């Protein structure tokens, strides 16, 4: 991690920095990256998405490490005290450092998003930026991370309080659309597998997952009433009760005869998933909200509990975010509708006969002009016979490369949209790791302390954003149930 911060700063050539540069030089080359992704023996579109997910995961882990005082001290040491946060409170170091790391990744993906607008297939030369050039891309990411630490604190106060908050909210809203779509897709997949097989395995999977999610929802609701809805906690009681009422409404709607008639595949599985997620949002909002009394938030002063939750939840969150960004960027059906799909690659059976005819009439390797010229040179004694083997190996690699390129007739996903999703996903991670804290030069509440230059506090906006996001998710799901009934011509198959 040290190299990632020291490389762009061009400080002294210390022994540690030099050894790190030498150690990572191989891994920063495009050849090494290509070898790594080819070794997985998977299609280029999948390898590319996995590669960016790994970068996203590493960036999130690095941002999490930046919350420690040790990491901040190392930054000052490696920069020879050139980089100073000028903040009296150690806690603000971590918040601003997290925003710097995530800002670098967000900017990295915004640059790629702008550069890849309008690409339809891999025959566009710009597609090499997406599917190749891993060495330069990783190097640019390193440089952006390093440069983020020389930007003044004032910029990241604005970024964290407004830009990252708005981006995180947009990411959550997109996630809600995908959640509703995934809830329907999960139920349909289980039903189709059950109908197409003689086993009852998928039936029990569907029933079991539904029961677990409803049990999860009921348990969380009970804990909320027990620990967060005490006397005087009126707002908490409203949030918990209103969410419970909405869960009951969507459950009844999902099994209503009229809904079932228009959409026979709707049922309790989808409503259970939505109810569980929205209840989790209420838990997240209330547990991170600062109340005047401990009775309304028993986790307010439980630092050991908060650290344990952060460690366990952090590992899960990093993996979930990496998955959801990839999922969101490729689910054009959920985000733009059935009749507005982007250009998708055709299956081999759907390719036009004219194109197949051209492929079938291609000369073999031994009949190609290049092979014949090299063969003539070998017979004349100008070059060794091993040159023919090298030509055959190159041809085989080219054929394998074309077989793995699954986007020659159309991209599997929108490259520009893919990076835009990752960009706002980085903003969401920043807000998540900073507990949705806001940074200002004046205290959020209470008197001004002359010993502090920057103040960290909780925002009512962040709490309401999560609560309202749950309500929006409920509304989206209810609309997905009612739309086929209210507008049968538009939503009919």
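Including glycine, each Cβ sits where the backbone N, Cα and C put it.
Looking at the stretches 46-65, 66-85, 346-365, the one that TrEMBL records under the feature transmembrane segment is 46-65. Taking TrEMBL as the reference, the stretch among 415-433, 434-452 described by the feature transmembrane segment is residues 415-433. Of the listed segments 268-287, 288-307, TrEMBL assigns transmembrane segment to 268-287.
Scored by C-beta pairs under 8 angstroms, the transmembrane segment (268-287) has its highest count with 204-226, from the stretches 163-184, 204-226, 238-256, 415-433.
Relative to the transmembrane segment (163-184), the listed stretch 415-433 leads the set 101-119, 139-156, 204-226, 238-256, 415-433 in CB pairs under 8 A. Between the transmembrane segment (101-119) and the stretches 46-65, 204-226, 415-433, the greatest number of Cβ pairs separated by less than 8 Å involves 415-433. Recorded stretches compared: 46-65, 204-226, 238-256; the one with the most Cβ pairs under 8 Å to the transmembrane segment (139-156) is 46-65. Cβ atoms under 8 Å from those of the transmembrane segment (204-226) belong to residues 186-187, 190-191, 194, 236, 240, 243-244, 247, 268-269, 272-273, 275-276, 279-280, 282-283, 286 of the same chain, restricted to positions at least 6 beyond its ends.
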